[in-house]
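Quick notes on the structure that follows.
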Amino acid sequence: MSTWANLGLQDSASPLMEQLIFFHDHALLILVMITVLVGYLMFMLFFNNYINRFLLHGQLIEMIWTILPAIILLFIAFPSLRLLYLLDEINEPSVTLKSIGHQWYWSYEYSDFNNVEFDSYMIPTNEISTDGFRLLDVDNRIVLPMNSQIRILVTAADVIHSWTVPALGVKVDGTPGRLNQTNFFINRPGLFYGQCSEICGANHSFMPIVIESVPVNYFIKWISNNVNSSL
């Protein structure tokens, strides 16, 4: 999760987020090169005498500053399109999780496992434990297996919400009457925090998301306990 001194992106917990970070660094390098070049040209204008007896036209420079930006945009567009298709690809998921946005909490359903379902509310500040995170911890975490392809279906019951977990590179809008889906692959165990990132009302920032990534055998035990308790 992010801390107060974190200026960059969070450490990735999925291959898709790694690709997003690579693309961010790639685009930032191009922006730095453009900024340095334009800054150098503007700085040199201070030492220009604005006099040239032989300058009548500049067809060559016109061609350069027309073609060069187009080439630079291609270097940004092709990796961006590749990444968009990767983010939309659904690769035979092992687990399907359904997330429903409400004002102001999330509901989750594991429809593959006898409809295990629960609500996830933010823990109030006066009830949170000393090792908890204010405005981020919830009473019921999402438990998911690591090293497994996960599909998430996102919708909303009232207004538009957005299910967002930065460490996984996932941001899906939950729209009433529609079912959006995406996939992710968690490659390490841990706790991963997110929030509703849609301005869905006064308390939208109090809809945190907590994913607990565990080995597959622990996930099977957790599912078995929840199935048995619901029977």
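Numbers run from 1 along the shown chain.
Glycine is treated like the rest: Cβ placed from N, Cα and C.
According to TrEMBL, the protein has these features:
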- 1-91: domain 'Cytochrome oxidase subunit II transmembrane region profile' (DOMAIN)
- 92-225: domain 'Cytochrome oxidase subunit II copper A binding' (DOMAIN)
- 27-51: transmembrane segment (TRANSMEM)
- 63-87: transmembrane segment (TRANSMEM)
If one takes Cβ-Cβ under 8 Å and requires six or more residues beyond its ends, the residues near the transmembrane segment (63-87) are 16, 19-20, 23, 26-27, 30, 34, 169, 182
In the domain 'Cytochrome oxidase subunit II transmembrane region profile' (1-91), how many residues does DSSP call helix, how many strand, and how many coil? 61 helix, 0 strand, 30 coil
Average the pLDDT scores across the domain 'Cytochrome oxidase subunit II copper A binding' (92-225) and report the rounded value. 91
